[in-house]
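Let me begin by presenting the structure, written as structure tokens, before commenting on it.
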Amino acid sequence: MKELLNSKFTGSVSVPGDKSITHRAMMLGALTKGETKITAPLISDDTLRTLACMEALGATSRKTENDYIISSPGRDQLKSPEAQLYTGNSGTTTRLLTGLITGLGLNASMNGDSSIEKRPMDRVAAPLREMGADITLKDDKYPPIQIQSSPLHTIEYIMPVASAQVKSAILFAGLFLDGKTIIHEESPSRNHSELMLSQFGADIKTEGNSVILNGGRELVNSDIVVPGDISSAAFLMVLAAITPDSDITLNNVSLNDSRSGIIDVFEDMGVDFEITRHNNSGELYGDIRVKYTENLKPFNISGDLIPRLIDEIPVLTLLALSADGESRVDDAEELRFKETDRIRAVVDELNKIGVSFDEREDGYTVKPAEIPDISKISFKGYHDHRIIMMLIIMAISSNQEIHIDDPSAISISYPNFLDDLKSIRGDK
Ligand code: S3P
């Protein structure tokens, strides 16, 4: 990390492919007979877990220079896996696959790492059981998950929490059922499943905050070009905004409206940035240029904005430290159910550098703060990629090395994080 100190950050980076889109492309590619080409996917611990699970069901994959090709014998030929499926640290793999395996009428058992074993799965089991699924959970809440094939029917479901993982699990279970699966959301969650299903020929539409899937159609392969992940770009965007003399451009980043809440926050805080949009019929994407900005205004994040930036809240908290007043996060209780309790983790780790928080169940108020000497402090990463990368950005923006107990979880979503940082460092 030494080589990242005393730097300004300038130049351009192509951040890795979008994690949510890559998971879905691997899953739908495995469901659809023939070959699906995925260009510029994210290849990381989480997405490799999805790929391995789809191979255990009978799909195969191969890599070319820029692409991954998924080959499927067709959904009727997929089979119940012999061994327990292992989903590692990936909530998206675990929840979406629960819906998909249910919809395929297969039997499977699934488990992940110690973080997955603590994440609530009753939120997926409840609607799937309403559809007729036979699902068993530990303590009726946690993995391991046992799925037994059983007859299914469509449902109309009101989502109790904004969750794209739950919404997608229901859609995947309803894909091959005759009739309409209808889902109502209070605050819309990311819509990558809806867009990709439509691209694969499913009869699916969105009306206001409701999604209506008319099931039973065969899917048809479609090649997927994966844009850069705005949740990964967020670390570099914040770094540029708070590090003097920095000016970074992130190329071809997804600007899907259900994911781009960070852009709204940058606008409200007065960050100096510009976006160049590119045309795309499916997922929107573009280049984001961010420059160092003084005199940032504080943010207020709540309500419908939360699902649009849920994974960016830890790193946005760093931006709040540079603002000229108190910033607030409300309505974000979901953060407590991520890879770790991210409200606890952010508060505990930034308390160590003297940041003052007023913590609530659903968020916090945070006061601006200077980052002090951190050389004698030991930080915890909680095996949570987004907490670890937030801490690293905190350190290099203040020109310091950092001691984190175990930073290896970076490879869950951004294996080249440190190399990308090195590629844009410049002497002051
Ligand atoms: C994801 C949805 C989000 C997000 C997660 C990925 C997805 O979770 O936090 O990192 O790919 O569907 P929710 O289920 O809370 O929306």
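Cβ coordinates come from backbone N, Cα and C, glycine included.
Caution: TrEMBL annotation is automatic and unverified by curators.
Not measured: the values here are computed from a predicted model.
The feature active site, proton acceptor is assigned by TrEMBL to Asp311. For Asp311 (active site, proton acceptor), the same-chain residues that are 6 or more apart in sequence and have a Cβ closer than 8 Å to its Cβ are Ser231, Ala234, Lys338, Arg386.
If you look up TrEMBL, you'll see Lys19, Ser20, Arg24, Ser163, Gln165, Asp311, Lys338 marked as 3-phosphoshikimate binding site.
Taking a C-beta cut-off of under 8 angstroms and a sequence separation of 6 or more, Arg342 (phosphoenolpyruvate binding site) has the following same-chain neighbours: Ile313, Pro314, Leu335, Arg336, Asp384, Arg386, Ile387. Per TrEMBL, the feature phosphoenolpyruvate binding site maps to Lys19, Gly91, Arg119, Gln165, Arg342, Arg386.
Sequence annotations record features per position, and here TrEMBL assigns domain 'Enolpyruvate transferase' to 7-421.
When each of the binding-site residues Ser20, Gln165 is scored by how many other Cβ atoms sit within 10 Å of its Cβ, Gln165 comes out lowest. Checked against ligand 1, the recorded positions Gln165, Asp311, Arg386 give Gln165, Asp311 as the ones with a Cβ under 6 Å from it, listed in sequence order. Reduced to three states, the DSSP call for Arg119 (phosphoenolpyruvate binding site) is coil. In this structure the C-alpha atoms belonging to Ser20 (3-phosphoshikimate binding site) and Gly91 (phosphoenolpyruvate binding site) are separated by 11 Å. Residues Lys19, Gly91, Arg119, Gln165, Arg342, Arg386, recorded as binding phosphoenolpyruvate, reach a greatest CA to CA spacing of 19 Å. Of all the binding-site residues in the list Lys19, Arg24, Ser163, Gln165, the shortest Cα-Cα distance to Gly91 (phosphoenolpyruvate binding site) is found for Gln165.
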